[in-house]
Amino acid sequence: MLDVNFFDELRIGLATAEDIRQWSYGEVKKPETINYRTLKPEKDGLFCEKIFGPTRDWECYCGKYKRAPFKGIICERCGVEVTRAKVRRERMGHIELAAPVTHIWYFKGVPSRLGYLLDLAPKDLEKIIYFAAYVITSVDEEMRHNELSTLEAEMAVERKAVEDQRDGELEARAQKLEADLAELEAEGAKADARRKVRDGGEREMRQIRDRAQRELDRLEDIWSTFTKLAPKQLIVDENLYRELVDRYGEYFTGAMGAESIQKLIENFDIDAEAESLRDVIRNGKGQKKLRALKRLKVVAAFQQSGNSPMGMVLDAVPVIPPELRPMVQLDGGRFATSDLNDLYRRVINRNNRLKRLIDLGAPEIIVNNEKRMLQESVDALFDNGRRGRPVTGPGNRPLKSLSDLLKGKQGRFRQNLLGKRVDYSGRSVIVVGPQLKLHQCGLPKLMALELFKPFVMKRLVDLNHAQNIKSAKRMVERQRPQVWDVLEEVIAEHPVLLNRAPTLHRLGIQAFEPMLVEGKAIQLHPLVCEAFNADFDGDQMAVHLPLSAEAQAEARILMLSSNNILSPASGRPLAMPRLDMVTGLYYLTTEVPGDTGEYQPASGDHPETGVYSSPAEAIMAADRGVLSVRAKIKVRLTQLRPPVEIEAELFGHSGWQPGDAWMAETTLGRVMFNELLPLGYPFVNKQMHKKVQAAIINDLAERYPMIVVAQTVDKLKDAGFYWATRSGVTVSMADVLVPPRKKEILDHYEERADKVEKQFQRGALNHDERNEALVEIWKEATDEVGQALREHYPDDNPIITIVDSGATGNFTQTRTLAGMKGLVTNPKGEFIPRPVKSSFREGLTVLEYFINTHGARKGLADTALRTADSGYLTRRLVDVSQDVIVREHDCQTERGIVVELAERAPDGTLIRDPYIETSAYARTLGTDAVDEAGNVIVERGQDLGDPEIDALLAAGITQVKVRSVLTCATSTGVCATCYGRSMATGKLVDIGEAVGIVAAQSIGEPGTQLTMRTFHQGGVGEDITGGLPRVQELFEARVPRGKAPIADVTGRVRLEDGERFYKITIVPDDGGEEVVYDKISKRQRLRVFKHEDGSERVLSDGDHVEVGQQLMEGSADPHEVLRVQGPREVQIHLVREVQEVYRAQGVSIHDKHIEVIVRQMLRRVTIIDSGSTEFLPGSLIDRAEFEAENRRVVAEGGEPAAGRPVLMGITKASLATDSWLSAASFQETTRVLTDAAINCRSDKLNGLKENVIIGKLIPAGTGINRYRNIAVQPTEEARAAAYTIPSYEDQYYSPDFGAATGAAVPLDDYGYSDYR
């Protein structure tokens, strides 16, 4: 068997009949499958043992040879080779066809490859192949030319004979008529009778003339057809063809069916044809040139690949191994079989019948009919349903052909090659495990025992609890007491992977150290729920076991949950306290005026109270019940660092050192909170709202190693749960308070609504205006009720606590519960002008309940659609970007993009750019950042983290040039410096990181949060697409809905205002030709933008516009942007537009992820003029390949090719990839394979998908080449240590062995030398 790791590329081509016979182990001659009595395969049938190998190991068909010693012998009685039965999975057979057939992929695909090659229309081709017309395959022009005059003379003689015969017959008939008339006259017959006779005579003479004329026309037809006869000419009229053969058979050959196609291909001169087509392209115009281009693609493919076009017509059909199309017996004596067997049986039956008919010398028409049926049966085998009605099995179900086995979600590619099921896995319901550390999970005992069974069995044998593996297995199955101790030992330090479907981003699979727990549920750490998007309402998770040492090392170092705190999309922590924990910390750090033990200043004879010498003393007071944790106190602190401003004031330049005392005015709760933070973190004297907690953890992630952050969030979690329990926050009916002012507020608005209603009835308002007015009124009412509610609720109300702390929910939900529901929408997405006035606490009326259901149901339907759409978007994004891998450290390019850090306000202060987090943050600086005095603030090549950005802003720098993947010069993949910091680790990205996949996941994962609907803005204007449809529109590079024109040139605008349309003319500044935009619908509205004088207003007559400026409301067409402003601008445009959609939903994704995808969309160039290169005009070429080829041609002194960049949608870009395996497994499988086979395409196996399909390690992460070939070289100390002989007393282990926490060791602590 071929080892998959030893080949570098995979080529696909056309198989000729010779190849098929070479693969085959014998010909299948009979349609029989299995003998129904003996259940053994029939000889020469579809399951024949002689061809495909024995059905049982080392046993021939007749039973003469049994068992392994006879290996390799071929039995002389039954002819079966004695070998393993698994060869029935590998050995192929073939069927020798009695007549050739065409391969349906090449004839019926769009475009028809056979048609392009032979220059025949697909309709004509179909007529020939399915025996409806004859085609001329060759003409002996020389012989015809030489003997033309002789033949013409013969033809003239024949015509003369016909004419003479006609004239003779007419003469005789005329004489007979004369005689008849004379006779009648003599008898004195009436004129009537005479007229009848005359008419009859004339009619007969007319018939004679017509008959002769028909004969002459036929001769003329035969002659003209013969003189113009040329190869590839179609003759549909059978009689005409027969005549031609009878008369001039020796001058030409013709036939019908696939044989004629085979002949035509045999006589086809590829080189000459390619030359003549190139000629046409050089000198031709219009349709002719286009057709020649398309044909040249196919012809050149055969010319360059060395494929023989004969492979498109088959003389033999391969039969796949029988184990791949099995036949199994069901209970009840019936058989279940693969559809392929039925399809093969039809082919064999028809083929055998055709052979018999040919042997019998049957009439041509019967033989042709049988050949047509054979062609149809082979078509059905290869691609059932591609032409005509599909062949159906029982119950009118179309049979699954070979193509169907590859196509679609259930096909071979997506079902078995890209999505395999995994051994050593289990799944169960998850429950919360608040006692766990961040890197741990609770694994049910029974599940762990089953997962680790082989390890436990081996260990039982090692420890002599069992004699052999078999008894060990028995012990495990009977769950003997010793087994549990061994299991504890085996699972220690062996990480497991937990996965929750749907795995939307890479944090959907993380590694944990298992702890054995009772019960059958997996326990999950509460902080990783965010990353998994898990909750405990019945979610299930799967467990997988990494087996090899390398897999365990990767799981521990790269996938352990405590090393994956940051989100790969935004680089901000995901493992944050949420829900109960937030409530707990919020409660703990709240300050309640007048609470027990509050600080009282000294007054008169009372000394001050509520002052404590240390946190320990305060805690003691709290335990005795004289101090509340939420009361304001003064406390002397020595182990907590003061806030920055106090530190500067108290300790000056030297700064605070642990042990320095300072006095804090705070609450005991806040002191306890700060003790959870790492030593040396400035004291935070605030109420811990969710946002504040997030900011602190963010800051920790920037400044401290991951291990510290992990320990801190774990402590915060414990404290959060502890205090949430003690806070007693619960929700009961009594907590939902209805504001007493609600009725009077609603009465007031009811009056206003009545007024509007009256105006409408008087006709002062139309229907739309009335609705708008009512909607406005009730929106105000709802807000006012909300306001009243807010004032009415006390601060310690649990519902308000939950909302205010940011734990969950928002004020709208509180208002719905206790205030009023407000306006709801109808199924069209418009507001219903009657509001829901009740709150859920009071209960809804029947009508209110009914109108409320619209929105609720639409929400559910929307969510389901969104999930599917978003999943499909992610799949396309992954597909287009899967080969973007970091391949080198630095591509040394000078180029980059400019990002804004801040804007100067009119008074000179800097206003920080709101999107700095997703644009400049975590990038590499492209040039030195210099302030006005010329001092370098941050050097080129520095990573921009929060401290660096703050430094730049402090120096007054408003924009910087950063490296970006859009300008990266690496030919395949990207370089680490252009990509910048990896968002998930906070360090420069590693070589081998699959940044394409990460980008696709980061964009796709929040996809489900985006809205589905297109929202209406202002009612009158065009719908502006938003949400998920807009993201799809951008990535697919479609022309947007409500497309807005952009200025082609810089110049002055002349605006002509028509009745229904605008006409905009731009007069260019450089005096060029005027640009006119005609018939622009007024519904679209003119664009508002900043003018030269700084004012913001609508575009009007005489305004000055820059090139690329949008003139109307709506969205610019990216293809237009590319045409007018070039590739750089369109890249920036796409990134900006995609970000707008995500920001509207409050989703933070870094620009670099979108840039990776956009880079893939602009990878190709379309060739305009091929110069001296091999490229075909109009073809799409990878930019790197285009530039390399041009350099080569110029170096040889030739003309370079001219091309222009082209923007491709992600689906198109995925299908245009160089890897045919990846494209075929994505969409349109048959089309991709057809094309790849004709071009003899080679797959270089650069991307991830192709390697997964063939089962190689993926070329990313530790699978990249440079990491595969590492040899470990021991240091001198290691060598010395290896040769010292330990004495008996020597500690074999380090003294602290066994005291380890099991937490991951931070990689930062190890010094790595350069790994090359």
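Placed from the backbone N, Cα and C atoms, the Cβ positions cover glycine too.
As annotated by Swiss-Prot, Zn(2+) 1 binding site applies to Cys60, Cys62, Cys75, Cys78, with the evidence given as sequence analysis. Taken from Swiss-Prot, the feature Mg(2+) binding site covers Asp535, Asp537, Asp539. Sequence annotations record features per position, and here Swiss-Prot assigns Zn(2+) 2 binding site to Cys891, Cys968, Cys975, Cys978.
Cys891 (Zn(2+) 2 binding site) has Asp537 as its nearest neighbour among the binding-site residues Cys60, Cys62, Cys78, Asp537, going by CA to CA distance.
Highest local Cβ density among the binding-site residues Asp535, Asp537, Asp539 belongs to Asp539, counted as other Cβ atoms within 10 Å over all protein chains shown.
Taking CA atoms as the reference points, Cys975 (Zn(2+) 2 binding site) and Cys75 (Zn(2+) 1 binding site) are 62 Å apart. Other than the site residues Cys891, Cys968, Cys975, Cys978, same-chain residues with C-beta atoms no more than 8 angstroms from the centre of those residues' C-beta atoms, the Zn(2+) 2 site, are Glu888, Asp890, Thr893, Arg963, Val965, Thr967, Ala969, Thr970, Val974, Ala976, Thr977, Tyr979. Among the binding-site residues Cys62, Cys75, Cys891, Cys968, the residue whose Cβ has the fewest other Cβ atoms within 10 Å is Cys62. Closest to Asp535 (Mg(2+) binding site) by Cα-Cα distance, out of the binding-site residues Cys60, Cys75, Cys978, is Cys978. Of the candidate binding-site residues, Asp537, Asp539, Cys968, Cys978, the one lying closest to Cys60 (Zn(2+) 1 binding site) when CA atoms are compared is Asp539. Looking at Asp539 (Mg(2+) binding site) and Cys978 (Zn(2+) 2 binding site), their Cα atoms lie 40 Å from each other. Sorting the binding-site residues Cys60, Cys78 by the number of other Cβ atoms within 10 Å puts Cys60 first. Candidate binding-site residues: Cys975, Cys978. Fewest other C-beta atoms within 10 angstroms, Cys975. Same-chain residues that are not part of Asp535, Asp537, Asp539 yet have a Cβ within 8 Å of the Cβ center of the Mg(2+) site turn out to be Ile430, Ala534, Phe536, Gly538. Taking the C-alpha positions, the distance from Cys75 (Zn(2+) 1 binding site) to Asp537 (Mg(2+) binding site) comes to 65 Å. Surrounding the centroid of the Cβ atoms of Cys60, Cys62, Cys75, Cys78, where the record places Zn(2+) 1, the chain contributes additional residues within 8 Å, namely Tyr61, Gly63, Lys64, Tyr65, Glu76, Arg77, Gly79, Val80. Between the CA atoms of Cys978 (Zn(2+) 2 binding site) and Asp537 (Mg(2+) binding site) there is a gap of 43 Å, rounded to the nearest whole number. Nearest neighbour of Asp537 (Mg(2+) binding site) by Cα distance, taken over the binding-site residues Cys62, Cys78, Cys968: Cys968. In this structure the alpha carbons, written CA, of Cys78 (Zn(2+) 1 binding site) and Cys968 (Zn(2+) 2 binding site) are 66 Å apart.
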